[in-house]
Amino acid sequence: MVDLTPIAKYRAPDFTNEHEIGVGDGPHTTDGKTTQISDVVIKAGGQDRDRPTEASNSSLGQLRAKLTSLQDNINIFLTERMKYAKEQDSKDIERRILDDGVDEDESD
Amino acid sequence: MTVDLDKRLRPGRDYYLALGLEGSANKLGVGIIRHGVGEPGPHNSAQVLSNVRDTYITPPGEGFLPRDTARHHRHWVVRIIKRALADAGVCGRDLDCICFTQGPGMGAPLQSVVIAARTLAQLWNLPLVGVNHCVGHIEMGREITGAQNPVVLYVSGGNTQIIAYSRQRYRIFGETLDIAIGNCLDRFARVLKISNDPAPGYNIEQMAKKGRHLVELPYTVKGMDISMSGILQYVDVLAKDMFSSTPKKNKNLVDQESGELITPEDLCFSLQESLYSMLVEITERAMAHVQSNQVLIVGGVGSNERLQEMMELMVNDRKNGSIHATDERFCIDNGIMIAHAGLLSYRMGQTKELKDTVCTQRFRTDEVWVNWRDD
Amino acid sequence: MTDRVVQLVEDILPGIPLQVVSQGAEAVVFRTGVHPYTAHPSLTNPNQFIIKYRPSKKYRHPKIDASITKSRTAGEVKFMHRLAKAGINAPNVVSADFKRGLIWMEHLGEVLPSGEVSSFKNHLWSVERTRSPDECVSEDIQRICEQVGQLIGQLHHNDMIHGDLTSSNIVLQKKVPYLIDFGLSSYSGLAEDKAVDLYVLERAIQSTHSMYAYKYNQWLLKGYEAAYGTNKQNRRKYVEVMGKLEDVRQRGRKRSMLG
């Protein structure tokens with residue numbers, strides 16, 4: 001069986017180096033952490049009939065499972081980035097209000 | 001000038017095969033169509049080899065969220081494609097092209113399905129064809145019903161348009177000025193807590209059959225355009241009072257003649273009577289304006305029996321009038337219409353490079369160059 | 001169609017000769033030589049009259065139908081009365097029966113060589129069909145378009161909204177435009193309502209006369225602007241309507257987002 005392992009690369013202007021995201025240690029399944037159905041649906045009494053099928057034992061099947069893990073890791077990474085960007089943003093406003101007396105309403 | 005639709009015929013073959021993928025809203029559809037060589041028409045009609053669909057259903061009171069809908073499509077698309085291929089008895093390499101809905105629609109579901117289309121195209125080394133969802137409905141409707149040059153009423157979850165063909169475009173003569181008819185029905189169903197299974201509109205239709213009293217609702221026609229948000233606001237207020245402990249306090253909730261309380265069934269009945277009257281009226285306006293006597297109803301709401309019945313009554317009063325509608329296999333979003341319209345484009349040489357296959361939420365019906373027609 | 005409708009009108013108006021002119025979406029229009037109450041009407045054309053009849057629609061619930069027929073017939077007659085007072089080109093009312101949906105009015109327009117009524121639409125179509133592309137954008141057409149625009153400008157200046165502006169709802173008599181069909185009319189001083197009125201016409205022109213729509217619409221708006229004159233206050237109103245028109249157009253483009 002051929003071992004197919006995907007990776008993802010992330011580049012951004014404020015990143016000096018390219019960031020590489022891998023699939024992690026596993027075990028890998030198609031049931032991802034970040035790709036579940038929305039809570040609101042379950043809370044409203046809905047059922048999840050859209051679960052992915054399990055990965056087969058072939059190399060393509062294993063690739064599917066690893067891709068799900070990779071997607072999880074990408075989602076986690078990007079969520080962190082967004083959180084960080086937001087923090088920087090609010091810090092920036094704080095600094096500008098203190099330093100320059102900028103009105104908060106002006107920056108949106 | 002006649003259109004040559006056979007420039008891309010494969011050597012040694014006298015037909016074309018296309019696979020279509022649709023997922024612009026909560027339905028995921030895959031269909032395979034076969035066109036015989038030569039000009040399409042009554043003697044050379046398209047053949048539906050397979051038409052498989054799966055719908056993402058939400059609990060009562062909930063609309064479908066883009067992310068969960070996209071997830072549904074992602075997780076079902078391979079299974080549905082496999083089933084469509086098996087039903088048709090063809091394999092990937094027999095196909096001429098892969099057609100996909102390029103818009104309009106919800107972004108996330110569109111994205112998830114176009115990825116499947118790109119994958120298939122690369123797997124089997126086939127060209128991609130982007131299809132306008134509305135044009136898909138129109139072309140499939142024309143093919144199935146044989147309506148040559150009808151005024152088209154396109155009514156679905158996200159669209160309400162009156163369309164007629166002129167000079168290689170499907171032109172929009174009238175449309176909603178605010179929300180779409182299907183959206184209006186869905187929101188109405190949510191207010192009255194009507195089930196989403198199999199579809200809110202269907203359940204409203206069934207309840208309406210039991211309604212007896214008509215509540216007069218706002219009726220807004222502006223030229224060939226209509227507005228529906230007023231009705232929704234009005235019903236919102238009524239529904240709140242209806243579910244309160246003292247419904248009698250609202251005089252609009254009591255039928256003037258019989259003194260009986262208005263029921264949810266009555267509201268469904270009144271909603272249908274008002275909305276569909278408005279739709280039939282603007283359709284008739286468009287027919288008078290372009291001097292056409294054919295109507296074709298397409299889109300998910302088009303399978304509503306009361307709408308079809310009202311349209312028929314209107315058409316019967318017009319000289320040589322005829323009405324054409326398709327059943328739910330073709331009315332409700334499906335992959336076969338995308339395959340059919342896509343194959344027409346393909347045969348005229350309209351294919352997409354991989355980089356041009358980005359989907360767009362906004363894609364107006366009149367943006368498409370209908371070069372397979374020249375009447 | 002119309003056999004049933006003709007029979008209905010003949011029953012209401014026994015002995016009145018009727019000739020079908022057109023079947024619109026909501027009304028059938030007849031021509032007749034008979035005036036209901038005088039032998040010497042003071043109208044430009046004293047020998048011919050129009051009878052407009054709104055038949056009940058079988059597809060509508062009787063309650064909805066009765067309310068629409070009555071309100072539109074009454075609305076149309078009142079609107080025409082106000083138009084006459086304001087001196088805006090439109091047919092004069094002769095008599096009316098609101099409940100039955102009947103209006104007797106002045107006859108306007110001629111019969112084109114094609115046998116059709118000389119509506120703005122039929123006129124443009126016949127030019128498009130039979131003449132060279134140059135003649136489709138001739139000075140003559142430009143003048144008519146500008147006059148149509150001016151007519152709508154006058155209407156809006158009086159805070160009157162047509163509600164169904166299309167090239168079918170404008171009739172040419174000796175190539176001078178007259179407004180007709182006021183079943184969807186209303187009164188409003190809001191720039192928004194005027195803008196929607198214009199937008200409906202703009203779209204109707206685009207879809208019905210797509211080849212030269214750009215020019216036609218340009219000329220229509222030129223005439224519309226002229227109607228507001230140079231008075232500062234009126235200019236401000238005009239600018240406000242144009243601003244709203246752009247908003248309405250944008251909304252139009254943003255619509256149809258979902259499949």
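Just so you know, the numbers here start at 1 and follow the chain as drawn.
Yeah, the Cβs are placed from backbone N, Cα and C, and that goes for glycine too.
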Same-site residue for substrate (record: TrEMBL; known: B:TYR154, B:VAL155, B:SER156, B:GLY157, B:GLY158, B:GLY201, B:GLU205, B:ASN304; options: B:ASP186, B:ASP225): B:ASP186
Among B:ASP333, B:ASP356, B:ASP366, B:ASP374 - the residue TrEMBL places in the same divalent metal cation site as B:HIS133, B:HIS137, B:TYR154: B:ASP333
Predicted model, mean pLDDT over the domain 'Gcp-like' (B:48-339): 92
Pairwise CA distance, B:ASP333 (divalent metal cation binding site) versus B:GLY201 (substrate binding site), rounded so that it is a whole Å: 14
Candidate nearest B:GLY201 (substrate binding site) in space, where candidates are the binding-site residues B:HIS133, B:HIS137, B:TYR154 and distance is Cα-Cα: B:TYR154
Maximum Cα-Cα separation in Å among residues B:TYR154, B:VAL155, B:SER156, B:GLY157, B:GLY158, B:ASP186, B:GLY201, B:GLU205, B:ASN304, which the record lists as binding substrate: 18
Subset of binding-site residues B:HIS137, B:TYR154, B:GLY158, B:GLY201, B:ASP333 within reach of chain C (CB-CB under 8 A): B:GLY158, B:ASP333
Binding-site residues listed as B:HIS133, B:HIS137, least Cβ neighbours within 10 Å: B:HIS133
Chain-internal residues near B:TYR154 (divalent metal cation binding site), provided their CB is under 8 angstroms and they sit 6+ positions away: B:CYS134, B:HIS137, B:ILE138, B:THR160, B:GLN161, B:ILE162, B:ILE163, B:VAL298, B:GLY299, B:GLY302, B:THR365
Assigned element (helix, strand, coil) containing B:GLY201 (substrate binding site), judged by DSSP: helix
